[in-house]
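Novice: The feature disulfide bond is assigned by Swiss-Prot to Cys82-Cys175. What Swiss-Prot lists as signal peptide is 1-18, and the listing cites sequence analysis.
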Amino acid sequence: MKLLLLLCLELTLVYVHAEEASSEGQNLNVEKINGKWFSILLASDKREKIEEHGTMRVFVEHIDVLENSLAFKFHTVIDEECTEIYLVADKTEKAGEYSVTYDGFNTFTILKTDYDNYIMFHLINKKDEENFQLMELFGREPDLSSDIKEKFAKLCEEHGIVRENIIDLSNANRCLQARE
């Protein structure tokens with residue numbers, strides 16, 4: 001009987017540890033996303049936006065959680081040089097949604113995170129009467145497991161983004177040398 005109780009306790013602890021959060025759910029603790037991140041995968045239904053020289057091909061360095069907003073420090077490659085970009089995204093009236101102006105008007109949500117390893121974003125960009133989707137997978141380390149990458153790919157498909165439009169940045173020039 002003691003062994004059975006111990007097994008139940010262990011399974012409960014494993015379940016609690018493996019629990020994921022999203023900004024659409026009630027269990028997101030946004031404070032826990034504060035800190036250093038690396039861009040791992042980018043996906044879009046407009047692939048040219050995330051290819052080399054695409055306006056949305058940015059590489060995250062840090063997320064700062066502010067009172068009613070999130071501040072992002074990104075890098076991008078312009079004329080073969082790494083350039084810093086600082087963006088502040090404000091909470092919208094919709095629960096779990098943020099907005100920021102960059103190459104158009106963007107709204108985004110956090111689809112999934114486990115805080116310690118990865119975070120997945122879904123963004124909708126509106127510019128000049130046109131819309132496109134962007135999805136991002138960030139990791140706390142420069143690369144992530146194939147299981148997490150597959151989970152991201154399935155989420156992309158659920159949002160109508162084909163696998164051919166997912167770019168793995170783990171071997172790309174992500175301006176790592178420009179990080180502090």
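Glycine is no exception: its Cβ is also placed from the backbone N, Cα and C atoms.
For the listed features, I'd like the structural context: burial, neighbours, distances.
Specialist: Annotation for Cys82 (disulfide bond): same-chain Cβ neighbours under 8 Å, separated by at least 6 residues, are His75, Thr76, Cys175, Gln177, Ala178. Look at Cys82 (disulfide bond): DSSP puts it in a strand.
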